[in-house]
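Taken from TrEMBL as is:
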type	residues	note
DOMAIN	5-153	domain 'Phosphomannose isomerase type I catalytic'
BINDING	Gln109, His111, Glu136, His275	Zn(2+) binding site
DOMAIN	169-256	domain 'Phosphomannose isomerase type I helical insertion'
ACT_SITE	Arg294	active site
DOMAIN	336-376	domain 'Phosphomannose isomerase type I C-terminal'
Amino acid sequence: FPPAVFPLSCPVQNYSWGKVGLESEVAKLVASSDPLVQIQPEQPYAELWMGAHPRGDAVILDNRIPQKTLGQWIADNPACLGAKVKDTFQGHLPFLFKVLSINTALSIQAHPNKELAAKLHAQFPEHYPDANHKPEMAIALTSMEGLCGFRPVEEIVSFLQTVPELRALIGEVAAEQLERSGSDDPRGVSAALRVCFTRLMKSEKKFFVDQLNMLVKRISQEAAEGKDTSGSNGDLLLRLHSQYPGDIGCFTIYFLNLVRLEPGEAMFLGANEPHAYLHGDCVECMACSDNTVRAGLTPKFIDVLTLCEMLNYTPAPSSSKIFPATQSQLDPSVYLYDPPVPDFAIMRIEVPPAIKLYLVSAVDSASILLVIQGTAVGTSTAAASEMTLHRGSVLFISANESISLHLSSPDGMLLFRACCLL
């Protein structure tokens, strides 16, 4: 039998929003996984892609395997996915696993559901490259912040009353409609919110740049005088404006929740949920797709009409955006993040220092294992030889295969494992 468990070398994406040099968690993982890699101190290391995506297919680090990449190997050995996964996802690995290191904000965006994805792909294939949905989940590795989902209406109304430049862009009629919408009528609230957000996003370029400049000038003066600018979300406004001057996305901070995640905390982004990661490092898993509808904080193609039409305008507090992990009954080292989509799930595996032999158990799905901390020698009946695992190591594990870890680090191990639990 060919080896069914093997190490991977994974490609890095150097997007401009990434943390630079060894400030980046991506760069640190790559440097410790391969000492020969030269980390460029000025270069951004934004994303590590662990999977079989055509624009970033992982390379197999096992010279007994004739296929060069994971994508080729899966195409030739589709049974490695597990019978259910193979049938459900037409012989493809249904997820892409990543590490992100974020220095400056990513664009305000949302991902379409399957129905909309198919339509956008048919109409605008140059902007929407495939017909799949793209739910995603991020789990913080360091303290992380992002914008996610619409704030409770009372918070938005409070900003409309303390930030006159925002009110000017939205207009008196729409602002009053939101102020009058009652919590007993959620449809009315969502309709009013849609009108307000759409008015903001569609405002005339010259008008919103003038209003933004007035707002930034006013907040800067207040901050210089030592005044509290939190009622206008001043700190975040100035930070985003310094990153994307004159960008309409700066105003979205008054509509979207600021969510802070500590290491191990997660957020799940379903279809049509507006979001933008702002800063920090995380592991991320997503369905295999590149469909992103953008509307601000970006130099890329923006599609304001589609975004405003598709969004989920349900207000909710930021605390509701944190997705809980459940500790496994069978193995207390495993915490499972199982989102409400079939495409992927993530396990966080914390092996305590007292354990010197740990079994990474078999699941009925291909999986990808990432080592964040600790060292071990891994053995598997499905591997050609023993594998040395340390920070930054990435392993592909075929369905129904297990690995024994012989730990050599004094402080245990932290691993993340992406798989598909149908």
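These residue numbers are counts, starting from 1, taken along the chain as shown.
Cβ from N, Cα, C; glycine included.
TrEMBL does not curate its annotations; it predicts them automatically.
Note that the structure is a prediction, hence the values are computed from the model and not measured.
Recorded features from TrEMBL, shown on the structure.
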residue : record              : CB count, 10 Å
Gln109  : Zn(2+) binding site : 25
His111  : Zn(2+) binding site : 25
Glu136  : Zn(2+) binding site : 23
His275  : Zn(2+) binding site : 22
Arg294  : active site         : 22
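Counting only same-chain residues 6+ beyond the ends of the domain 'Phosphomannose isomerase type I C-terminal' (336-376), those with a CB under 8 A from a CB of the stretch are 8, 29, 50-51, 74, 80-85, 88-89, 93-95, 97, 99, 133, 135, 137, 139, 141, 264, 266, 268, 270, 283, 285-288, 323, 325-328, 330, 388-422.
With helix defined as DSSP H, G or I and strand as E or B, the domain 'Phosphomannose isomerase type I C-terminal' (336-376) counts 0 helix, 21 strand, 20 coil. Apart from Gln109, His111, Glu136, His275, the Zn(2+) site neighbourhood in this chain, defined by C-beta within 8 angstroms of the site C-beta centre, holds Ala110, Lys134, Leu269, Glu273, Thr292. Each residue of the domain 'Phosphomannose isomerase type I helical insertion' (169-256) gets a DSSP state, and the totals for helix, strand and coil are 67 helix, 1 strand, 20 coil. The average pLDDT the prediction assigns to the domain 'Phosphomannose isomerase type I helical insertion' (169-256) is 96. In this structure, the C-alpha atom of Glu136 (Zn(2+) binding site) lies 16 angstrom from that of Arg294 (active site).
DSSP states for the domain 'Phosphomannose isomerase type I catalytic' (5-153), grouped as helix (H, G, I), strand (E, B) and coil, give 40 helix, 46 strand, 63 coil.
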